[in-house]
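Colleague: Features from Swiss-Prot:
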DOMAIN    39-266  domain 'Radical SAM core'
BINDING   Cys54, Cys58, Cys61  [4Fe-4S] cluster binding site
BINDING   Cys98, Cys129, Cys189, Arg261  [2Fe-2S] cluster binding site
Amino acid sequence: MPQIRNDWTIEEVQNLLQMPLNDLVFEAQTVHRQHFNPNEVQVSTLLSIKTGACPEDCKYCPQSAHYHTGLDRERLMAVESVLAEAQAAKEKGASRFCMGAAWRNPKDRDMPYVIEMIKGVKALGLESCMTLGMLSNEQAKMLQQAGLDYYNHNLDTSPEFYGDIITTRTYQDRLNTLNNVRDAGMKVCAGGIVGMGESVTDRASLLVQLANLPKHPESVPINMLVKVEGTPFAKLEDLDNFEFVRTVAVARILMPASHVRLSAGREDMNDEMQALCFLAGANSIFYGEKLLTTANPEADADLRLFERLGIKPEQRDGYDDEVHTAVIEDAIKEQQNPVRYYDAS
């Protein structure tokens, strides 16, 4: 089994990205099989606990207060409401509950509510994860002490291209948050976005940043830009699908023991594209972020694709994604009142 590395160079990664596609996907699948069951995919859902009105100016994001995208702004959900959602999921057999807030960073006044959410979710016996923006060292410790398992904070793009995307926080701010999360003892979820007009070198540089962290992120979301009217990136040209697949494959090769997640943009990928990404080493999806607010035919598409590909939800010690998936299926069939699910990656 190849040794896990933290010393990749941009030149090495560029060379991987430019390999013949068949060779690249073969290498990625070979690496993948050394660390994971190739026919299992991790499934996760996310609940938005606070939506819209974010003060950051990320040019891709419909939640930014800088742009007029028609997104409804919502205040922080009450702790009782969040725990009611968690309890309902628990009663139906859910194993994991993830919460996301559109903040630059949580304020001191927010922390007691967030901590109570974590404690309540953990008291139910559920695995917990959050994405709240930047964290100080002290805030990270508070979340860890409350029992948080995972924290998501993306690097978005390369250090060189970053200034063309965001001006309200620095690249180092993002790295500092990841360091604070890791130092506090939580697991890290960190990835990026492709299709924002970046070069191949920028994609290589992003992957190098992630792979050369002192410890690889446990989860690496690879997002395809979702172009939203009202944002500065609404009119960008589409990224070639094969370039996205190459990014997934190289992420798998560089971070062989991490979950590589198909995240934002997956709803716009056809079945063949998703299957090729799974072949290239993707083994995690946000499964259900839109399922409870869309019509049944769209909701059932994921279930049908898994069946056609012979893919099963991942089995993990202490958690059963088969049960987690069954919760989502049950909710679809019952046609419950809409519950907002939010791709906070």
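From the backbone N, Cα and C atoms, a Cβ is placed for every residue, glycine too.
Computed from a predicted structure; not experimentally measured.
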Colleague: In the structure shown, with every protein chain counted, which of the binding-site residues Cys98, Cys129, Cys189 has the densest set of Cβ atoms within 10 angstroms of its Cβ?
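Modeller: Within the set of binding-site residues, the most crowded position is Cys189.
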Colleague: Limited to the domain 'Radical SAM core' (39-266), I'd like the whole-number average of pLDDT.
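Modeller: Taking every residue of the domain 'Radical SAM core' (39-266) together, the mean pLDDT is 86.
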